[in-house]
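As recorded in TrEMBL:
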TRANSMEM  C:12-37  transmembrane segment
TRANSMEM  C:43-64  transmembrane segment
DOMAIN    C:83-133  domain 'NADH-Ubiquinone oxidoreductase (complex I) chain 5 N-terminal'
TRANSMEM  C:102-120  transmembrane segment
DOMAIN    C:149-438  domain 'NADH:quinone oxidoreductase/Mrp antiporter transmembrane'
TRANSMEM  C:225-241  transmembrane segment
TRANSMEM  C:262-279  transmembrane segment
TRANSMEM  C:291-310  transmembrane segment
TRANSMEM  C:331-348  transmembrane segment
TRANSMEM  C:391-412  transmembrane segment
TRANSMEM  C:424-447  transmembrane segment
TRANSMEM  C:468-492  transmembrane segment
TRANSMEM  C:512-532  transmembrane segment
TRANSMEM  C:614-634  transmembrane segment
Amino acid sequence: MNPENYLILAALLFSIGSIGVLVRRNALVAFMCVELMLNACNLALVAGSQITGGLNGQVASFFVMVVAAAEVVVGLAIIVSIYKTRRSTSVDDANLLKL
Amino acid sequence: MTFPWLTFLGLLPIIGGLLLFLPMGKGAARTLGLVFSVATLAVGVAVAVMRGSGVDLSVTVPWIRAFGAWWALGVDGMGLAMILLTVVLTPLVLLAEWEPPAGRWSAQTFFALVLILEGLALFVFTSTDVLLFYLFFEATLIPTYFLIVGFGGERRGYAALKFLLFSLAGGLIMLASVVGLFAVSASQGMPSYLIGDLASLRIDGDLGRWLMLGFLIAFIIKAPMVPLHTWLPDTAAASTPGTATLLVGILDKIGTFGMIRFCLGLFPEASVWVAPFMMVFAVISILWGALAAIGSTNMMRLVAYTSVSHFGFMVLGIYAFTTTSQTGSIFYMLNHGFSTAALFLVVGFLAKRRGSYDINAYGGVQKVAPVTAGVMLLAGLSALSLPGMATFVSEFLVIAGTWARNPIVTAFALIGVVLAAVYVLAVLYQRTMTGPVTEQTQKAFEGRDLTGIEKAVMVPIIAMLLFFGFVPQPAVSMVETTAKATMEYVGVTDPAPVVKGAK
Amino acid sequence: MLLETLAAPVAATGMFTLAWTMIAVPAVMAGLLLLAGKLSDRWGHLAATAAVVWSFAIAVCLFAEQMMRPASERAVSAHLYTWLGVGHWTFEVGLLVDQLSILFALLITGVGSLIHIYSIGYMAHDARRRRFFAYLNLFIAAMLILVLADNYLVLFVGWEGVGLASYLLISFWQHKPSAAAAGTKAFVMNRVGDLGLLMAISTMLAMFGSSSFEAVNAGAAHVPPLWATLIGFFLLLAACGKSAQVPLQAWLLDAMEGPTPVSALIHAATMVTAGVYLVVRSHAIFEMAPIAQAAVVIVGTVTLLAGAWIGTSQDDIKKVLAGSTMSQIGYMMLAAGIGPAGYAFAIFHLLTHGFFKANMFLGAGSIMHGMNDDVNMRHFGGLASAMRVTFLTFSMGYLAIIGFPFFAGYFSKDHIIEAAFANNVVIGLCALLGAGITAFYMTRLMLMTFFGEKRWRQGVHPHESPKAMTVPLIILAVFSVGAGLLMNWWIQTWLEPAVGNHAHDISLIPTPVGWATLLVVAAGVAASWMVFGRGSIPDVAPATKNPVTIAGRNVLFGDQVNGFLFTHPTVATAKAIDTADVSLIDRSFDGAGRAFQGLSTQLRRLQTGYTRNYALTMLLGVLVVGAVLILSQLG
């Protein structure tokens, strides 16, 4: 199978993820979309590795996974604490950065 | 290696200032501060003596090799004059502010900040590396800002911010030129920020003019010239007399000092090119400052405006490009420091008693407090450059030297001499000291003439002004070396007497 | 050539090495008295008087020594120290005791001593007498610097020094706002004149590279005519300021706010004549500048008439005398402007005027002393019997000033009028007219003060002044009588080496001009008697529509003119500039600050706080970066 198809799939997944981040208000869903984008990247990295025949891409994808895991830990903690104070997981309710 | 006297000179007060941040009693803090300032005075005098006996005091240690920056200190005639001015005025200011205004930060902090400021100013006057100079030039803003904001009067916040913004704006423009100097120097091979190395490049043409303008604008703001002067009266009016003395008497001198050392000393061609404009600007400053002083009703603003006028004279002398006028200008820098200090401090003594800087709040003080009046009269006479005062010598040298170059511009500048008589005698002295004794004056001054400390502050200043009025030669010889070197470097000669064969 | 007659001064020997103490002793005494404070209250006046007498003694000795020397060795220069040297210029401090300056030194210290003695009596009850004497000593020192300097810069030091002393003494009673204002006015107007001197010195330095009399005299002949004329005008401006000549005359009448001895010493006998000294001293320059010379003559003529005019309509006895001083100095300026024919006469009149005017001013002080410090002549009358000595001495001064034959003013003024006629008939006629008006107003003063009915206020009991005051009066009266006879045949030859004047033959028998002068003076006296001698003097000045009188009472509207031309514009400009600083310059800087603030307020709107907005921005940014990268790859 043409490995470029994997790249197209990765692009599609990434687009879905980014649109999800932009349009969904629920923090959990937005968060899942971010995960989707990360995994789309992983897919692209692995596909790239397959195309070039090197291992670099595969190694990099492990780093991404580690980052994604760390991000989940921090991000979920934030979401939970926001939920605790605001009783809502809508990202539009948390606009404290505005002056 | 010999002892690094100049480094020591600048570090001593800074160390003293930092020590003063340690917790200690008010009395101990003041004594310690005074001790450090007097010690600095002693070191300053020692430096003058050593330089007089031909000891080479300059220090040149590599600092940031990639930039060609050096820890380079040195002292010439002009620098020595400024050093002496600084080390003499600081202890007097500390004495005059022995009791800083109540309800503000502590006296301990005041003494600490003044000492740190003194040290930084000394480094400014001794730096012979452009980057080092720039660093200390900007660093002086920090203690000054806190001196204004921590001890000033009503609008101190506004004034401090205004001072900071004006100075920073000038400093930023200068930074561009400093960076530009690096580029020029690096393109010649080894980058170096040493003034000596840069001067030998003789940066001419458009490049020189742009770089020079960057320095010049910063110095024009510092030695406030119309129309970039409005920060000075506001700042002076909102700070304590001691702070105003340091600010106008010492820090503003960096402006004229810098013009000679950096504008003329690095960009000779560009400086000659800009001279006609600067002379016109100087005359505008002289007249504008004098007239604004006449219109002032706040004594601190008035004194600040007289300084705008006097700085005009200094700049006029610098850009007239004669040995006489430049010597006069540098000597003027020294004298103006003392003269303006006398005025600010005596105004402070008045306000301490009466609680107001408003001229109209006074009247008839002479009758109740004759010593105060006498001191104010002497200070005023030095401001209007009466012969016998050192200020006369410097003003005369500027006028006579400039006249030989350009009589018409000088004639306009001379109007400032008459206006000086008006703002000192008709506005400042007559309205506060003469006339019938008002009730408030009676209450504020009865039996409260100058105290011992206050006399101890004023006597040295006035004695200095009188001494250099009658025996100016030592000081003039000291600063003339700088003027001569500058003239030679720029390549301008004095106008010869018109009548040939006359003596 | 005139310049060759100016012998170079010889170095100081003997007594001349002590010349500097003439200046130093009063100067140090002044400083001592001011610093010592109340400690010296009891003996301060005596010490100050002793200091001036010391100076006088030295001056007399020097004069005597000069008399014994041959004419070519009379000018002595005493170098003191180098003030400063810078560039190509060196400024020395040195004294020049020559035939001209010694006469001044004698006048200053002589009249000065008398006035010090007089002041002991006059100021006896003033709480600040010590300070008064300190200022007087300061004045003597500064005035001696002025006349003894051997270069223009040191002269300038004295020039401003006397201005300071004059300021301090005019506003001596500074609790009176009028006195304080008068002092300030005098100083500021003098400063305008000082500008002239500063410019003159600067020009001399540019021309000759030196400001010493020697260099200037030697080089004057080679100065380009334009510059010579300009120097002449600068010096004239200086002289106008110091000598209260039109157009800088307005301060002198106000200066009468000072204590009367001050008016006598500074504003009659010595300081105000410094302008004449300056012009005579700078004769070498003026001879190269005929236009400037003509200007001096015109200024002198205008002032002599203006001063006389003011004198006719003032009621304040001191102001009449002040107007008269202006007028007499006008005569001197006129003579000094005529050139070599007039220098000696200018100085001659200056000396005689110094005696008789000091005499009359001190007489006026004596009258005020007896009249509880009243100065309004309409409150006087019939004082001749009440104050015998004052009356007699004043009369001597009166006769001298109107030019009664063989009194001092007769000789000195007559010469000037004759020289004026020789120069220009119109100027001569003006000078002649001035003599007539002088006789008119002085007779008016005499009649209103000493004769007629007694118009004294209640509680005023005129009495003769104490000995300390009358003795100086008597001495000055003697000089008012005899000074003319004493110097008439001598002064021209004496001054010739110093000022290069042309000596004339002088006989006792009046020339036609002399006869005419006598006639005009007699007419003036008679006219005055017709107006003021026969009827009674109204208690207040009668209302009048006569423009001449109105102008005279208002001092020729000098204040109004100055106010209109200078004071008001200056004050208005000052206010405008202060406003401009705050509302224009400051506001534009504040405006710039506010503009940035506004800009940042706008930019701040981008910070919505919505995460999704930020994400969108990031995405757009990524797209832009990506697009740029791709496009650059394509290109």
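Positions of Cβ are set from backbone N, Cα and C atoms, glycine also.
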If we call contact 3 or more Cβ pairs under 8 Å (sequence gap 6 or more), are the transmembrane segment (C:331-348) and the transmembrane segment (C:512-532) touching?
no
Cβ under 8 Å to the transmembrane segment (C:424-447), counting only same-chain residues 6 or more beyond its ends: which ones?
297, 301, 304-305, 308-309, 311-312, 317, 320-321, 323-324, 327-328, 330-331, 334, 377, 394-395, 398, 401-403, 413, 416-417, 513, 516-517, 520-525, 527-529, 531-533
Are the transmembrane segment (C:512-532) and the transmembrane segment (C:391-412) close enough that 3 or more Cβ pairs fall under 8 Å, when only pairs 6 or more apart in sequence count?
yes
Would you mind splitting the domain 'NADH-Ubiquinone oxidoreductase (complex I) chain 5 N-terminal' (C:83-133) into helix, strand and coil residue counts from DSSP?
29 helix, 13 strand, 9 coil
Other parts of the chain folded back onto the transmembrane segment (C:468-492), taken as Cβ under 8 Å at six or more residues beyond its ends:
111, 114-115, 117-118, 120-122, 344, 347-348, 351-352, 355-356, 358-359, 362-363, 365-366, 369, 389-390, 392-393, 396-397, 399-400, 406-412, 501, 503-504, 506
